[in-house]
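What follows is a set of notes on a single structure, which appears directly below.
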Amino acid sequence: MAALGITVALLVWMATLMLISIWKQIYSRWKLPPGPFPLPIIGNILQVDIKNVPKSLAKLAEQYGPVFTLYLGSQRTVVLHGYKAVKEVLLDHKNDLSGRGEVFAFQSHKDRGITFNNGPGWKDTRRLSLSTLRDYGMGKRGNEERIQREIPFLLEALRGTRGQPFDPTFLLGFAPFNVIADILFHKHFDYSDQTGLRIQKLFNENFHLLSTGWLQLYNIFPSYLHYLPGSHRKVLRNVAELKDYSLERVKEHQESLDPTCSRDFTDCLLQELQKERYGTEPWYTLDNIAVTVADLFFAGTETTSTTLRYGLLILMKYPEVEEKLHEEIDRVIGPSRVPAIKDRLEMPYMDAVVHEIQRFIDLLPSNLPHVANQDTMFRGYVIPKGTVVIPTLDSVLFDKQEFPDPEKFKPEHFLNENGKFKYSDYFKAFSAGKRVCVGEGLARMELFLFLSAILQHFNLKSLVDPKDIDLSPCTIGFAKIPPHYKLCVVPRSG
């Protein structure tokens, strides 16, 4: 019996040595950046706090430097930490490292659309989408007018709260939701519309669930966890429902399409489908158009909505900042004129506050994953083709030299000694390079105009003492999700 026990122990020991040997051979095949030694199957998952991955990556960067290798399960991952490394990857190596890493909750979007597309048609889909959005004024005068048209609806909904406590999640959300809906479908939703509310709830739920620990694990071990019960099933159902909604709208547009007149973004993409250049491409299908529309609808709504919601909470925490904004708005815009983008030149404090809100909330701390399109030399190391690349945006937005006291909310981070707006190249809230957010111009415009309009007409009133407001995100993962709260908006006199 004792001999049998010794034999089993020896076999286990030999098997362990063999696994380690095989793993070392795989690990040493390329001159990878340094990093912790991975275990078979689970990789370095034990060195990562799945409930706060960005914090874990920052700690590992202190140990291994600004470029290090990490295995999330069996997936080889290279992490970039700090302004220089992140900028180098996103801009200097934008062709080599511009692929999209897989986000398994969006498998139905794989090789389609813009955000999660890593297929042969991604570049053309993105190029076509950008040119079409430019035609519809993305970041220019056309979208300024769209936002200005939406402002009265937002103000009316806020007045409808009659100074009573309310949850701002979907009321605020309808503003950017309607702007992007107008671009995509030439459609406007009433703030009580149940379809619009349902879509927003799906957006909001997915944004939150994607940031939970379970979804982080699911993206690392999809084949193991896919058939188990869990919140990933809810996300997959939501993604499918949103895609179906977009496909229905695309088919409706197709049935009433006028080849000589474009009503909106969807019409433009459908018209391209009829042309020889794209019509013969195997990747350019109704399904690809539907996913492209779904990508833009989600990104164009939820990121701006969350930023606005977080922004109001921050302003209630710092009433002295709100007071300065009221003074600037009264001086430049007055009590009744609709805010305009030209006002930004005379409103450096509002411009600084908008930028500081985005920096401080650090909405997408680890960016969306990139992937190496080919073997790439980087600072003397090799990043092999297929390696996931994570440019950590939080390491840039919280750089201590560029932003003194980065953990504090300070609009002065974006003001010079004369009180004028000071742009920082470290402001990478929208990423950079070939995967930069296509809606950056629109989002900047919406945040400035919507916040200006709200504060032009209302004072924000917290239900608790400002010093007791907790700005800590309730969930950190795919995104940093703000805590739930209620507030009152009180009409300003005059």
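Along the chain as shown, residues are numbered 1 onward.
Just so you know, glycine gets a Cβ as well, placed from its N, Cα and C.
Its Cβ taken as reference, THR303 (substrate binding site) is surrounded by 22 other Cβ atoms within 10 Å in the chains shown. The substrate binding site annotation in Swiss-Prot covers PHE298, ALA299, GLY300, THR301, GLU302, THR303 and is backed by similarity to another entry.
Taken from Swiss-Prot, the feature heme binding site covers CYS437. Around CYS437 (heme binding site), taking its Cβ as the centre, 18 other Cβ atoms fall within 10 Å, counting all chains.
Those residues of the chain, other than PHE298, ALA299, GLY300, THR301, GLU302, THR303, with a C-beta within 8 angstroms of the mean position of the substrate site C-beta atoms are PRO176, ILE180, PHE203, LEU296, PHE297, THR304, SER305, GLY439.
Considering other CB atoms within 10 Å as the measure, the emptiest surroundings among the binding-site residues PHE298, ALA299, GLU302 are those of ALA299. Taking only the Cα positions, the spacing between ALA299 (substrate binding site) and CYS437 (heme binding site) is 9 angstrom. Over all protein chains present, the Cβ of GLY300 (substrate binding site) has 25 other Cβ atoms lying within 10 Å.
Taking only the Cα positions, the spacing between CYS437 (heme binding site) and GLY300 (substrate binding site) is 10 angstrom.
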